[in-house]
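Q: So Swiss-Prot has the following annotated:
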TRANSIT   1-54  transit peptide
REGION    1-44  region 'Disordered'
COMPBIAS  21-33  compositional bias 'Low complexity'
SITE      122  site 'Part of a proton relay during catalysis'
BINDING   123, 276  pyruvate binding site
SITE      185  site 'Part of a proton relay during catalysis'
ACT_SITE  209  active site, proton donor/acceptor
ACT_SITE  237  active site, schiff-base intermediate with substrate
């Protein structure tokens, strides 16, 4: 049980005999006492044969103390999820959230078999939201759907301070788990990544997100192994590929594929638990079948053109275009995103016809929208 009076204790660094490495001895029962596994190459940076972590101080004071909040969902509950949708955020013409369209989309995910949603992730454009908007949307999702689907808030940041504050707030409004990326743009060392994740792990179930194409820095396996013993470490959304998925699965670490076009083989051939999916926004039922009904190369091949189309430009450009063409969301884009060109919109209609309109979300026929149908918002 997490101590309500000492959520993030300062670590005591003591030398051990295994080659001069240091161990972190937390004084809180929220983190199991165990030797700290440091990345190779970091064993002798002080010149005294052990790592000095004297400059790392974890704050003792955090405003969210409730053990009731923290124990709402167990980490095991999260590790069992096979289909998690990285859900899109729809907008009104003035740039505000279209909560009616959002609620409808979440209902479609639940009806299609999705077991969890990532709120405010890359696909949901969390990076285009203020933190007030972000936490409001997490809280809204929990309040409306939290008893029917797991709500995983993207509260990660390249700033540890912001990640800590947002994660506190996310769990305070009821999210079941947090998604955390490694510090991007400014980047950090492997040891810095470990300390960054350790600052948020005591708060509740956590999924680590590795997407080097966006963060510009791979999370090396030794970092994941170093934090894998934490009670709240649910697993990794991994975008590097099958070899990395298998590496973690063989070590008993829960892995979700972050690549829709690889998720079938990652699940059935390489040991992934499931997928955190963009495609399931459009065809949740088919993605549920892909994750639950055994190896199915035919279905995977059937979905391949859609998956390829969805990532023809940086996500979520194509998804936003598709949901507008299906009439599920208004054709409103927060800049810098703009819709796909006309020929790609026409291609999507053909893909819908090929897969079958009945497999897609919404009730309206897919149609090719004109350029003038779209609204681009720069102030929101």
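Glycine is treated like the rest: Cβ placed from N, Cα and C.
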Q: With an 8 Å cut-off on Cβ-Cβ distance and a minimum sequence separation of at least 6, pull the same-chain contacts of residue 237 (active site, schiff-base intermediate with substrate), or say none.
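A: Within the chain, residue 237 (active site, schiff-base intermediate with substrate) has Cβ neighbours under 8 Å at 179, 207, 208, 209, 210, 211, 256, 257, 258, 276.
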Q: Below 8 Å Cβ to Cβ and six or more residues apart, same chain only. Which residues does that give for residue 185 (site 'Part of a proton relay during catalysis')?
A: 158, 216
Q: Per 10 Å Cβ neighbour count, which of the recorded positions 122, 123, 209, 276 ranks highest?
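A: Of 122, 123, 209, 276, the one with the most crowded Cβ is 276.
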Q: According to DSSP, does residue 185 (site 'Part of a proton relay during catalysis') sit in a helix, a strand, or coil?
A: coil
Q: Let me know the DSSP-derived helix, strand or coil state of residue 276 (pyruvate binding site), please.
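A: Assignment for residue 276 (pyruvate binding site) reads strand.
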